[in-house]
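Student: Below are the structure tokens for one structure; questions will follow.
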Amino acid sequence: MASTARKTFEINNNVQVVDPSAAIFQYSREEEKLLDDEAPWRTDPHYFHTVKISAVALIKMVTHARSGGIYEIMGIMYGKVRDGTFWIMDVAALPVQGTETRVNAGNEAMEYMVNFQTANAEAGKGELLRGWYHSHPGYGCWLSGIDVNTQLNNQKFNDPYLAVVIDPNRTVSAGKVEIGAFRTYPEGYTPPATGNSQYQSIPMDKIEDFGVHANAYYPLKVEIYKSKLDEKMLDLLWNKYWVATLSSNSLVSNLEYSTSQVQDLNAKLRAASQSISNSSSKLKLKPTQPTTKGKETTEGSDKKLKKGEKEFSGVEEEETPLNKVTQESSRITSEAENGIISQLLKEKLFNTPLTQSVDDKSAQATVQGRY
């Protein structure tokens, strides 16, 4: 069962296998120093575009983030950089003072970082400090104003440096790790205009902080990898992660999170209702595309249009407040259903007497939520 769950975890998070003999695993301080001297990221704010995180580091970060509960946690990441890509190979949790909305690294954490780096060097691990991670329990993966300032300072004095954010609550609810990686722009830099990015749910009380600093940083593509050399460590880490997952009840452990999501949804519905009355006057009609160039007949219609007339096929979809609320409502419902189905499966698995067996129809009905 544990092996099946691990395979499911790897599929959900698209874990890729990397050859352990690849050049990236052969550390060269001279190569790192040469890249540091060239520092192409100083002239190109978008030089870094991808971060590859080892499965070992990912499970460590998720386990650490979940242990913090409603409070933020913080840790550091070690690895290398090559061809515009961060390779994160290991992480370490920091002893920090966290709250529900922020986390601060004090003198104790700084001393721990120095000692950890020294111990790594003595153990023959030459990877350098390449970033930090922290959690946003229940409010998504993005950088707040404090996070942006922290990352700006890190990039000034420790570049190349990366910021990673994990949402443990949404990870538990959805099954897939909710993670984001970011780099800040230099002060005074104006990023180029981009199209609408993928929508993510931000609580009402965080939207202002999110919007004010949204153009101060950019996201990197996150990929997860593992090698055959990681198998033993993954087995040990997975046993701890799997037991914690199996013994927990997301409906109970995420009760406060689920309640806050419903309350936030209610607030957004109230805000969206105020704009509905004026929405009909702002609808944009979608013109029908002609089937052949130069002809005035349109697809699905034999009607000939007069000169100057246009035919429309519907209304263009727009990202309205009501559309966003609908997406959030669907997500909350899906997460609740997943939690219920998970508990039903555990009940069938562990509470069925040994003298009985679970028939195929009953098992299928449980998976489909028809208990």
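Each Cβ is built from the backbone N, Cα and C atoms, and glycine gets one as well.
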Student: In Swiss-Prot, one of 92-105, 134-147, 176-189, 218-231 is tagged motif 'JAMM motif'. Which stretch would that be?
Tutor: 134-147
Student: Among 32-51, 352-371, find the range that Swiss-Prot records as region 'Disordered'.
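Tutor: In Swiss-Prot, residues 352-371 carry the label region 'Disordered'.
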Student: Same chain only, sequence gap of 6 or more: which residues have a CB within under 8 Å of the CB of D147 (Zn(2+) binding site)?
Tutor: H134, A163, V165
